[in-house]
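What TrEMBL records for this protein:
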TRANSMEM  110-129  transmembrane segment
TRANSMEM  135-156  transmembrane segment
TRANSMEM  177-196  transmembrane segment
BINDING   ASP246, THR248  Mg(2+) binding site
BINDING   ASP246, LYS247, THR248, GLU357, PHE398, LYS421, ARG446, THR526, GLY527, ASP528  ATP binding site
ACT_SITE  ASP246  active site, 4-aspartylphosphate intermediate
COILED    471-498  coiled coil
Amino acid sequence: LFHWQKWRDICVGDIVRLRKENFVPADMLLLCSSEPSSLCYVETADIDGETNLKFRQALLATHQELVMICEEPNSRMHSFTGTLEWRGETYSLDSERILLRGCKLRNTDVCYGLVIYFGGLCVMGNSYPGFPSQIFLVLLVTSLCLAVASGFWARMFQEKHSYLSALYKHTTPAQQAFFNFWGFTILLSIIIPMSMYITFEFIYLVNSFFINWDLEMYYAVKDIPAKARSTSLNDQLGQIEYIFSDKTGTLTQNVMSFKKCCINGTIYGNFWWTQPRARSLPRAPAACLCLLQGSGLTWSHHGEKKLDFYDATLLEAARRDSDPVLREFLRLLALCHTVMVEEKGDQLVYQAASPDEEALVLAAKNLGYVFLARTQDTITISELGLKRTYKVLAMLDFNSDRKRMSVLVRDPQGTIRLYTKGADTVILERLPDVSSLQRFAEETLRTLCLASKEVSEIEYSMWSRRHHEASVLLQDRARELDKLYEEMEQNLQLLGATAIEDKLQDGVPETIQLLKLGNIKVWVLTGDKQETAMNIGYACKLLTDDMEILEEKEIR
């Protein structure tokens, strides 16, 4: 039996039911949800500013009787270490099973969670206590009460001391109370840390309206005006000397388009179009149309947003299905990811925490390898119309140190294979020819290398036992898992590379040029390889021809 409860009254061990658009009131272990395989979608914008939806998934074992052991509360929002004991079995818990306080439940009707931290023990990444606002409110309420009391006192004073009424003949008690309100506000302003805080706040408040009213800062495409979220923003803007900017999603649109790929040494993607120019291109070959229709796609679907890749040679090669490297390449795109899929009518809607992964999955779908469904331990795809289900044995997660992710699967024939995709810098030594990557980088495209290998039953059995032991550790779990991941991701066979385009935001070059004219120094941080970063720097006018470009080895 569930009943409504205030956040402050929630305790560790409580079972909480959340509905769509609810905010998570405490750090909770996800037990189950109304979605298939107990999936749950959350938005963490109020914590880390990230607007892409993230998915969380409950353990299959969570039911009624369980014992949970977890680390002490800390400020590490993106990591969590714990174990779950149930019916003699020990299960690993990580951040993918946890709902943090402040997240909003999205695209999920109902979910249930077990409270593990509450109140001040929760991680509230960017919660603002509003201390100055509370002090200001106390000041106003106190001044108002004193002003009302002074008005009553003035009226009684005039009635009892008529001989002094000449002093008050020009003002009524109400007027005196009004003037006294401002007098008390000034006198009591010492309770605020800054003596002139009130005066400054009123000035900043009025000036911030001019930012909101600025027509030149209005974005007509999305009907979004400028909004000053801080009253002191205009004062702070005048003190800016350096701007440190991320590239993806800040300078760029964070809308990824699959542009080119290199498979077994052959580069594909020499022909592409955008939707308005589609009529000027020749009609697609009949073979391409057959392939698309056989995969449940239509030619109009082929040209949807984010899909401006087209190469008849690659489509024909995929249809013939005679190249084992190409087959493994496309299979990897459909299997090695964290994308979730939802069926809406006859359409497949993909939900991805990373737009890069969504672009790769859409590219695979476009070439006949369609990601259909995911459960706790299986992934189902359609390979040129043939439905195949792969058993997921392990997910080797991506992080900023590894710069790659892998999935270990057992195919329907019983063969165990490892599929890996990652930055070229971590798989570079396995590349016999890097000319295609350099070519992609010169076109400001984001590159990923794809590789795979077959794993023997004996090797997997030994590795799986050690992996389970490491996954339930409460100390040094991440380090031990990284060692095991590194051990498994050896002796890979390179399949190819992908190139994805992330276009610049409108007006970025002009904005950077104006900032530089204002003597503001602009720094941009990017994880791209050096050639890509340099070309993007020239494209957004951050770099110019008269600059001397220093490489890391030259600086050292």
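Glycine is treated like the rest: Cβ placed from N, Cα and C.
Keep in mind that what you see is a predicted model, and the values were worked out from it rather than measured.
Shown in sequence order, VAL524, LEU525, THR526 are the residues of the chain, 6+ apart in sequence, with a C-beta less than 8 angstroms from the C-beta of ASP246 (Mg(2+) binding site).
Counting in whole angstrom, GLY527 (ATP binding site) lies 9 from THR248 (Mg(2+) binding site) by their C-alpha atoms.
Regional average pLDDT for the coiled coil (471-498) in the model is 89. Counting only the Cα atoms, the space from THR248 (Mg(2+) binding site) to ARG446 (ATP binding site) is about 11 angstrom. Residues ASP246, LYS247, THR248, GLU357, PHE398, LYS421, ARG446, THR526, GLY527, ASP528 are recorded as binding ATP; their most distant pair of Cα atoms lies 23 Å apart. Each of the binding-site residues THR248, PHE398, ARG446, GLY527 was scored by the other Cβ atoms within 10 Å of its Cβ; the lowest score goes to GLY527.
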